[in-house]
Each structure stands twice: as structure tokens, then as C-alpha cells.
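K.L.:
To start, I am sharing the structure in question, which I have written as C-alpha cells.
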Amino acid sequence: MNRLPNILLAVTGGIAAYKSAVLARLLIKSGCQVRVMMTAGACEFITPLTFQALTGQAVHTELLDETAELGMGHIELAKWADLVVVAPASANTIAKLAGGFADNLVTTVCLATDAPILIAPAMNQQMWANVIVQDNLKKLRQFGHHVISPDSGEQACGDVGAGRLPEPEDLCERILAFYARRQIPQSLLGKTVVITAGSTIEPIDPVRFLSNHSTGKMGYALASACRDAGADVILVSGKRVVLQTPYGVKKMTVGTADEMLQTCLSVCQRADVFIATAAVADFKMASVATHKIKKTQGQESMTLELVKNPDILATICSAYPNLLAVGFAAETQDTENYAKAKLAAKRLDMIAVNDVSDQSIGFGSDDNAMTVFFAERYGELSVDLPKASKANIAEQLVRCIAKIIDKKSL
Ligand code: C5P
């Protein structure tokens, strides 16, 4: 991805302003440059000093401030920003923006910038429901601004309803996803991508199961990367995965391999691409005990009878031969030959293989390194993706997928 954006965070007057302090911190942690401007109303709820300490930058509050004009005046701020985020956006500021006012620093900068403007309204539910507020937001959308819908729930004033500023983690993810979508070629626009991720669990009895160490990180990173490339993404995830569902991705949680297969068979009916990152248990119990299996006096061993699980990827490929199918393989030796054999046996378009004898990549790690092999009909044989973060590898895999989408003429 390109460099992360310069974000100009505009804080306006509302109790949710405290959440913007956490938001500023999260954006900085994600690698963004953050500067803050505040309305007088915002300064009643939270001090500029808080944001100054968090961002390490002077906070801007005045339109006509002699000292600021020597450094970053309003025009410089407007030019510096790659993205302006108004959070929380009060009903008052929303009305001023819709009316084209330039009566304070925030409204003036919003008029003076050519950066996209993201507006995150936060207010009492009755104010949110007011037709004047809704009409102003409609105008702002028509002007090309983007609105992040507020959450519903209990409000600081005691009311319950829509109008809460989303939690900072959620806001941060939405802001970064919004920016990524504008930076990244929309190579999967209009495509539906189904991704399996994580481990399956195969019950032994009501309290025990067979599983593996897969954390789902690669599948979840791919879900974000496909979303950023414009796809509608359905993530069929093992229930032991503890990662946050990427914003905008539809997640379906499953337990066993059989459940994963049934869910995939159903959602793949309307899919264009199927990516199987899940570590599916190869075997399941021949029959699951209905009661907890008890150890008996003097018992030194136990034998479990296992039978083969369905191969989800192979089944989906033969049920939907037009799908672009991507497999993964973890190998410890002879990677190229094993990968190519799987590519042919499962009738895949592409397979990404990693050598798990290197313990610094693969299961649970934030990094990965892969070699991608393509089906012979695509002409290109293989691409090496050297060690990088799973997010970075996911972006490169999306580029590989986009290339063969064109050739497959999906
Ligand atoms: O045959 P192997 O398990 O090595 O193949 C790995 C690939 O097949 C992965 O993409 C994995 O998600 C998929 N797979 C599957 N169902 C299975 C076993 C593997 O979808 N039962």
C-alpha cells in the first residue's frame, strides 16, 4: 500500500470528543501523521493539551491566530491533509458545513481543502432523527463528503437510540479502510470473494475436540485486502478464531469441516473467487460420543477411530468449475512439487505455498513468505513473495488474483 495518510482530525463540541483522543492515538499507532483542530465547543469537553500530548503537535483552535499563521495557518493545514476526519461532528458543525459557512477554523479548513472529508456525526438520538440534521447530511453526501453512520445504544444523556460515535477502534478501521479503497486499484470491484479461515473443530464427545493451531490471520488479512480492492467478501471462519472481523466483511462462523463445507457450498453459488486458507482437520471422529468419555480404572491407552473429512477446496472446485479457486499449502520439504501436485489434483487456478520449516512464518506469526504457482493455462509459472507482514502478502496475493481474473475473463 502507499504511505499512510496525513489525517487532519477535526473535533467539534460533544461529549463523544473524549473518544477522539483514543482515535488520534490509534491512527498514530497505525502509522498515520495526525494533526488536530478543534472548535470552541470541543474545547469545553476536552482540552487541546490532551491532543497536543497525544500527537506531539500543536493543536489548532483559532482561525485568526498570529502564531499559527506563522507556522501552520488554515490554508497550510488544508493543503497538508490527505484526509479530513470530523469526529465527533456535532449537529451544529454539520449544519454549518452543509450551509458553506466559514466562521471558525474547522468550517474554513473544510471549505479550503481538496482532501476527502469523512464526517462521523454524534449527538442525542432525537437530534439525530431530526429531519433538518438528516437533510443537512444528505446535502453533504451530495457535495461528495462521506458520512460514517453513528452506532445505536445507550447515550451519555441516558437516552437510547442512534447517534453514538462508534468506538475508536471501529472508527480507526473504517477511516483506514476508506483511505485504502481510494489508494488501491479496485481490481476486484463487483466480484464476490469467499474465504475460509482458521481451524475447524471436530468433536470427540460433548466436552472435547480435535483441532489445530491455525489463528486465521492470513485469511482475515486476505479478507481486508480483497475488501480494499473493491470485492464483496464473505469470510467463512472457524469458531476458535479470536480476531476482529474486518470492517465491511460478512462473517459466517462454523465449527466442523462438514459445517464449513455446507456453508461454502451455499455462499459460493453467487461467488466469483474462492480462497481456502482454512486449516481443515483431515480427519473427524467416526462417531461422536453422546456422553463424556470416562477413563476407567487401570486404563493406559485409548484408541479413537477417525474417518476422512471432505476436502472443501476440491469439492467446491468440482461443484463450481467457473470459480477462480485459490489454495494454500504449508510444506516442510519439496515445496514446489507438492504445491504443483495439489494445484493439479484440486483443479485450482492458483496455489500459495509456504515452507513451514521456517518457524518465523506461518501459524500464529504476523509474517509470512510464499511462492505462488499458477495453473499452466495462465502461462506465468510462479511468483516469489519474500517475507513480509501477512497484510502485505495479502495485498500481493490480491494482485496475483486480479491478474488471472482478467485471463479467466470472469
Ligand atoms: O491437501 P492439503 O490439506 O495440503 O491442501 C491445502 C489446501 O486445501 C488449503 O487451501 C486448505 O484450505 C484446503 N483444504 C480444504 N479442505 C480440506 C483440506 C484442505 O479446503 N479438508
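Cβ coordinates are placed from backbone N, Cα and C, and glycine is handled just like the others.
Unlike curated records, TrEMBL annotations are generated automatically.
Relevant sequence annotations retrieved from TrEMBL are reproduced here:
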- C157: active site, proton donor (ACT_SITE)
- D282, K292, P310, D311, I312, L313, F328, K342, K346: CTP binding site (BINDING)
- 6-177: domain 'Flavoprotein' (DOMAIN)
- 189-403: domain 'DNA/pantothenate metabolism flavoprotein C-terminal' (DOMAIN)
- 1-192: region 'Phosphopantothenoylcysteine decarboxylase' (REGION)
- 193-410: region 'Phosphopantothenate--cysteine ligase' (REGION)
K.L.:
Taking the Cβ of each of the binding-site residues and counting other Cβ atoms inside 10 Å, which one has the highest number: P310, F328?
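P.N.:
Neighbour-count leader: F328.
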K.L.:
Taking Cα atoms as reference points, rank the binding-site residues D282, F328, K346 by distance from C157 (active site, proton donor) and give the first.
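P.N.:
Ranked by Cα distance from C157 (active site, proton donor), first place goes to F328.
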K.L.:
Taking the residues the record says bind CTP (D282, K292, P310, D311, I312, L313, F328, K342, K346), how far apart in Å are the two Cα atoms that sit farthest from each other?
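P.N.:
Pairwise Cα check on D282, K292, P310, D311, I312, L313, F328, K342, K346 gives a maximum of 38 Å.
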K.L.:
Across the domain 'Flavoprotein' (6-177), what does the mean pLDDT come to, as a whole number?
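P.N.:
Summing pLDDT over the domain 'Flavoprotein' (6-177) and dividing by its length gives 94.
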K.L.:
Give the residue from the recorded positions C157, I312 that has the most other Cβ atoms within 10 Å of its Cβ, counting over every protein chain displayed.
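P.N.:
Highest number of other Cβ atoms within 10 Å: I312.
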K.L.:
What residues, ordered by sequence, lie under 8 A Cβ-to-Cβ from D282 (CTP binding site) and sit at least six positions away in the same chain?
P.N.:
K308, N309
